[in-house]
Amino acid sequence: MKIYFLLGIFLTFLLHTRICQGIKWLALAKTPLSLALNQSQHCKQLEGLVSSQMQLCRSNLELMQTIIHAAKEVKKTCIKAFTDMRWNCSSIELAPTFHQDLERGTRESAFVYALSAAAISHTIARACTTGDIPGCSCAPIPGESPGPGYRWGGCADNLNYGILMGSKFSDAPMKMKKSGSQANKLMHLHNSEVGRQVLKASLEMKCKCHGVSGSCSIKTCWRGLQELREIALDLKTKYLSATKVVHRPMGTRKQLVPKDIDIRPVQETEMIYLQSSPDYCLKNEKMGSHGTHERQCNKTSNGSDSCDLMCCGRGYNPYMDKVVERCHCKYHWCCYVTCKKCERTVERYVCK
C-alpha cells in the first residue's frame, strides 16, 4: 500500500510540473547578452524550452533574440501592471520553475499566459518593422483608402507574421501530448488566444503630418500596435472579471464551461481560470504569496492600492521620505532648459 501511496504522490508531482510548461520559456529573460545565437547548437544553451520549441529555435535562429526580448518584456510589464495589487507578479522572476500561483490553473496564471502570447507576437511584429528579422518586413499596405487628406505610407507593424510565429512558439508546449491535464491545456490555449485578440484590437491608425509651415495638408498613415503596457492594462481588466470554469462533458466531449452558469459555453473574449487563488494577504511561498507586510499603500486611494485593501485590514504605519525633484526651471534662448534640484519631505505608508 505504501508503494501505491508514494506512486500516487509521484504522479501528482509529475502532473503539476507539466502544468506550467507553457510559460517556462520566460526563463529566456535570464539569457546573458554575451550568448551568441548564430548556430543551431546554441539553442541547447537556452533555458526553459521544451523539445518542440527547441526545434523551432534551430529552424528559426533569426527569431530567437526577439523572443528573448519578449520574455524580458513580459516580466517587466507584468510586474508594472500589478504594482498596485496584493499579488504583484514577482513570482514570474522564478522562471522556469514557479510557485502554485503560476503552476496551477489560477486567475494569475491566466493573465501571464495571455500576456505572454500577446507579448511574443507584439515583439515579433515590431521587430519586422525595425528590420531586425531577416525575411520579414513591414505589413502590406491596406487595400482600402484611408480617407480624404490621408495616404498610406510609413512602415506598418507586421501583425500577421507576429501572430503566426509567436503562436507557433508560445503554444507549442500546450500542444505536446505529455503536457499536463487536458483541462489546463484548454485553459492556457484559450487565454493565450484572448491575449492575441486584445493584441489585434490594439492595432490602430497612426499618422504623421506633412505640409507647408506645419499646415498638415497631407497625413501619411500606417497601422501600428499600441504599446505592450496598454495591452497589459486591457488584459488586467479581463483578469479582474475572469470567469471560473469547470471541465465537464458537453455533447460528445469534455469542454470548459462557466462554473456558475454552465448552460452556456465560454466566451472567446473572456479570460478563464480553473482554481481559486488565496487572498495573498499573508506570506506563503508555496502558494506564490509574498504577503503585503511592509508593502507601500496609498492612504487616499479607493483602489486596489488603498491602505485598507492592500493591508488586508491589518492597518499601516506612516514614515517620512525625502524626495529630490527638479525645480526653478528656466528656458534659455535658444534652446535649452536649466533646473535646480529641490528636496522635500513626503509622508508615505506601509502595511503592518
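Heads up, the Cβ atoms here are built off N, Cα and C, so glycines get one too.
Sequence annotations record features per position, and here Swiss-Prot assigns signal peptide to 1-22 based on sequence analysis. Marked as N-linked glycosylation site by Swiss-Prot on the basis of sequence analysis: N38, N88, N298, N302. Marked as disulfide bond by Swiss-Prot: C78-C89, C128-C136, C138-C155, C207-C221, C209-C216, C281-C312, C297-C307, C311-C351, C327-C342, C329-C339, C334-C335. Taken from Swiss-Prot, the feature O-palmitoleoyl serine covers S213. According to Swiss-Prot, the feature sulfotyrosine maps to Y273, Y280.
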Cα-nearest neighbour of N302 (N-linked glycosylation site) within the listed recorded positions, C89, C128, C136, Y273: C89
Rounded to the nearest Å - Cα separation of C128 (disulfide bond) and C216 (disulfide bond): 28
Nearest of the recorded positions (N38, C78, C297, C329, C342) to C209 (disulfide bond), judged by Cα-Cα distance: C329
Most crowded position, judged by CB atoms within 10 A, among C128, C138, C221, C311, C342 as disulfide-bonded residues: C128
Minimum Cα separation from C138 (disulfide bond), reported as the residue among recorded positions N38, C78, C221, N298 that achieves it: C221
From disulfide-bonded residues C78, C216, C311, C312, C339, the one whose Cα lies nearest C155 (disulfide bond): C216
Inter-residue Cα distance where the pair is Y280 (sulfotyrosine) and C312 (disulfide bond), in Å: 9
Candidates C89, C297, C307, C311 (disulfide-bonded residues) - the one closest to C329 (disulfide bond) by CA: C297
Cα proximity to C335 (disulfide bond), best match among recorded positions C136, Y273, C281: C136
Set of same-chain residues at least 6 away whose C-beta sits under 8 angstroms from N298 (N-linked glycosylation site): D84, D305, S306, C307, M310, Y349
DSSP state at C342 (disulfide bond), helix/strand/coil: strand
Entry from the disulfide-bonded residues list C136, C216, C329, C335, C339 having the most other CB atoms no farther than 10 A: C136
DSSP state at C297 (disulfide bond), helix/strand/coil: strand
